[in-house]
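I have placed the structure first, in the form of structure tokens, so that the comments after it can refer back to it.
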Amino acid sequence: MLLCLTLLFSASAVLAMPTPEGSPHHEIYKVCVPEGALESCHRMSQESDLHMTCVAARDRIECLDKIKHREADFAPVDPEDMYVAAKIPQQDFIIFKEIRTKEEPDEEFRYEAVCVIHKDLDITSIHGLQGLKSCHTGVGRNVGYKIPITKLRHMGVLGPLNNSDLTPRENELHALSHLFSEACLVGKWAPDPAQNQALKAKYPNLCALCEHPEICDYPDKYSGYDGALRCLAEHGGQVAWTKVYYVKKHFGMAIGAGEAVPTGQNPDDYAYLCPDATKKPITGKPCIWAARPWQGYMANHDLDNDIADLRAKISLADTIGETENADWLSKVLDLNNKTIPIDNQGPYSPENYLNKANYTDVIERDTGAPHRPVRFCVTSDAELEKCRVLKRAAYSRDIRPAFDCVREAGLHECLRTVRDDGADVITLDGGEVFVAQRQYNLKPIVAEQYGEHGSLYYAVAVVRKDSTYQSIEDLRGAKSCHTGYGRNAGWNVPLYTLLSKELISKNSCPYSSALSSYFSGGSCVPGAQLPENNPANQNPDSLCSICAGNLDAPNNDPAWKCSASNDESFFGYSGAFRCLASGEGQVAFVKHTTVPENTDGHNQAAWTAGLRSEDFELLCADGGRASINEYSRCHLAEVPPHMVVTSNDKTDIQLNEIRHAILAAGDLYSRRPDLFKLFGDFGGTKDLLFKNSATGLLSVENGSPLMQRYSEILEVIRACENQPTP
């Protein structure tokens, strides 16, 4: 009989209660969940006698850190998460339980990759694959792509994958195209649509066996695990890469404890091709090329004496969750009505768990030297740490080229480093993109997307609801807060607004002095006094007069005041709003998402405590005010997005591989923020690498409509450049 265990629940920090003397078990088990699953986790702890409580993390990668540092006890993980965990220094992780299917609860691996051929195929060496017709599940997939590429390369069958004139993906496609005479390899060969089509036009033989060779994408009769076997049996294929489960299903063989279901396909006409080129009967034990491990649960060695109890608790949770049809079963424990948690023979270390499936090299898929990573240039320690975490996470998820990180002191140092090939990319505000193009020979290649607004955002003026300002004209003499010098929402747009309304004369050069005079109460314009922004020493000191330096540092270094980095607390969107919210400023020039992101509990930073969005309003360009959510009718301008820029000196091949990696990361992590939160807070800091408000990324070219949106604003605010200073 199950004892009714006392329910313990905490919605915030979780502390394990003292273990009663003589008890072999934890009083409470702390399960780590990505923040998006926290509410479901709380329901789990409230609704069941599971002796579990919840620890929220940014994503699965942060869960690994929390388990390592004993802030959490366990979490569900994928093999890719295990790979990341195995690379963490001084870790003591253990995989103690697995998530298997009810159909195959006794199988050691989630699936086993096999090569199936016609039994009478004349092949005596693995090199005999040369010139054959090959059927694959799809590009980028484990069984039909990663595993054969990895293993055939190690065997010397597949050609070199390190041609510096080709991207990593094209190296693979080129090698497959020269190994096989024809194939069916559907899917997106590149995340950029134009590049995808160009590759398919270049290697058409890799689509020749597909149902629709001219499309070569899903859905296709000859794609997927079962489609690869149909391609072999019906469409002229000579070799198929699939998994054992679908071989059994295709040929009507028994699966797990189930009975055989005849399909009309004769298994005696086919055979497994082994890595040593021998053949084995389809009806016998398969020879596998590699296996994908099951998902599982990871803990640390502090749980060694509690593993049996924790295993039982997870199994109990599965029973309760299925009975109640609870959403937390999938969101918290990664289980569903087709899976079952199974005790393994371990616990195993993550490394040993992957190695027993021969899977580590499949994740790594090293193409060989020279390695050409995509190097992000960053300007703060917080951004550097996020970049390093992205590097590890993306590598485990097969995003190639790999990422790397370069730290510089500030924006212009980064721009020089990218120009001089010390780094490859940096993400910039639209106004900074203009500087990068004009002064550093850089160009945008990828743009952020913002949900329903696409690749634009609204620049807005925010005031306190209890203020008396009713128009831009009323702001004369006010204290102003800006995101940064030369940035779109914080500088270019308000300057353009004042000029277009003739509140500043178009002849009053330099405009920095004119704007300073208009906001005579003082301003914070981070970066205004940097030499590169103030070469003639014309920018007034008042542009930095209400800046604060680093309010969160134990010792506020005077050098930080008005710096164009997070060392200035009033820098960036959140910083400019903080300047307003703290009472230092009376208007903040930011983007339309800034106030919602920093009020009503959406930002956990101490300075946002108690801030309510209803206490702030938008100041409309043509007069009047509006609530924060009415930005579509009350804004100063629609402006282009933040963009990733690189050097104009990059070759087309280099541009393609940079785009490929960045777009692939954007695609994966916009769909699965639980794996890694690319768009969102990191360590309590906003807008690192990409803006919090971004929802995805897309390729952009010079001359596109995105770039054309700069023209009017830039033309107006640059009018002083060709005029002599009074």
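Cβ atoms here come from the backbone N, Cα and C positions, even for glycine.
What Swiss-Prot records for 1-16 is signal peptide, and it gives experimental evidence as the kind of evidence.
Here Swiss-Prot flags 29-367 as domain 'Transferrin-like 1'.
DSSP assigns CYS63 (disulfide bond) to a helix. As annotated by Swiss-Prot, disulfide bond applies to CYS32-CYS63 (among others), with the evidence given as sequence analysis.
In the three-state DSSP assignment, the secondary structure recorded for CYS54 (disulfide bond) is strand. Marked as disulfide bond by Swiss-Prot on the basis of sequence analysis: CYS41-CYS54 (among others).
Annotation comment: Swiss-Prot describes ASP78, TYR111, TYR225 as Fe(3+) 1 binding site, evidence class sequence analysis. Over all protein chains present, the Cβ of TYR111 (Fe(3+) 1 binding site) has 23 other Cβ atoms lying within 10 Å.
The disulfide bond annotation in Swiss-Prot covers CYS135-CYS231 (among others). Listed in sequence order, ALA183, CYS184, LEU209, TYR222, GLY227, ALA228, LEU229, CYS231, LEU232, HIS235, GLY237, VAL239, ALA240, TRP241 are the same-chain residues six or more apart from CYS135 (disulfide bond) with CB atoms under 8 A from its CB.
As annotated by Swiss-Prot, hydrogencarbonate 1 binding site applies to THR137, ARG141, VAL143, GLY144. DSSP gives VAL143 (hydrogencarbonate 1 binding site) a helix state.
The annotation N-linked glycosylation site is assigned in Swiss-Prot to ASN162 (among others) on the grounds of sequence analysis. According to its DSSP assignment, ASN162 (N-linked glycosylation site) is coil.
Annotation source Swiss-Prot lists disulfide bond at CYS184-CYS210 (among others). Mapped onto three states, the DSSP output places CYS210 (disulfide bond) in coil.
Taking Cβ-Cβ distances under 8 Å and a sequence separation of 6 or more, the neighbours of CYS207 (disulfide bond) in its chain are ALA183, CYS184, LEU185, VAL186, LYS200, PRO213, GLU214, CYS216. Taken from Swiss-Prot, the feature disulfide bond applies to CYS207-CYS216 (among others), supported by sequence analysis.
If you look up Swiss-Prot, you'll see CYS274-CYS287 (among others) marked as disulfide bond, on the strength of sequence analysis. In the three-state DSSP reading, CYS287 (disulfide bond) counts as coil. A simple way to gauge crowding: the CB of CYS287 (disulfide bond) has 17 other CB atoms within 10 angstroms, across all the protein chains here.
With a 10 A radius on its CB, ASN337 (N-linked glycosylation site) counts 11 other CB atoms from all the protein chains. The N-linked glycosylation site annotation in Swiss-Prot covers ASN337 (among others).
In this structure, ASN358 (N-linked glycosylation site) belongs to neither helix nor strand by DSSP; it is coil. Sequence annotations record features per position, and here Swiss-Prot assigns N-linked glycosylation site to ASN358 (among others) based on sequence analysis.
The domain 'Transferrin-like 2' feature in Swiss-Prot is assigned to 374-719; the stated evidence is sequence analysis.
Annotated disulfide bond per Swiss-Prot: CYS377-CYS414 (among others), in sequence order, evidence recorded as sequence analysis. Around CYS377 (disulfide bond), the same-chain residues at least 6 positions away in sequence with a Cβ under 8 Å from its Cβ are VAL406, ARG407, GLU408, CYS414, THR417, VAL418, GLY422, ALA423, ASP424, VAL425, ILE426.
Per Swiss-Prot, disulfide bond is recorded for CYS387-CYS405 (among others). A simple way to gauge crowding: the CB of CYS405 (disulfide bond) has 20 other CB atoms within 10 angstroms, across all the protein chains here. DSSP assigns CYS405 (disulfide bond) to a strand.
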Note on Fe(3+) 2: the CB centroid of ASP429, TYR457, TYR573, HIS642 has further same-chain residues inside 8 Å, namely GLY430, GLU448, THR483, ARG487, ASN488, ALA489, LYS591, VAL639, PRO641, ASP687, LYS691, SER693
For CYS184 (disulfide bond), just count the other CB atoms lying within 10 A of its CB, please.
-> 32
Rank the disulfide-bonded residues CYS216, CYS387, CYS414, CYS481 by the number of other Cβ atoms within 10 Å of each Cβ, and give the residue at the low end.
-> CYS387
Take the Cβ of ARG141 (hydrogencarbonate 1 binding site) and count every other Cβ within 10 Å, whichever protein chain it belongs to.
-> 19
Could you measure between CYS287 (disulfide bond) and TYR111 (Fe(3+) 1 binding site) for me? Cα positions, answer in whole angstrom.
-> 12
Do you know offhand how many angstrom separate HIS642 (Fe(3+) 2 binding site) and ARG487 (hydrogencarbonate 2 binding site) by C-alpha?
-> 10
Taking only the CA atoms, the spacing between CYS405 (disulfide bond) and TYR457 (Fe(3+) 2 binding site), expressed in whole angstrom, is 28
Among the recorded positions ASP78, CYS210, TYR225, ASP429, CYS481, which ones place their C-alpha within 10 angstroms of the C-alpha of GLY144 (hydrogencarbonate 1 binding site)?
-> TYR225
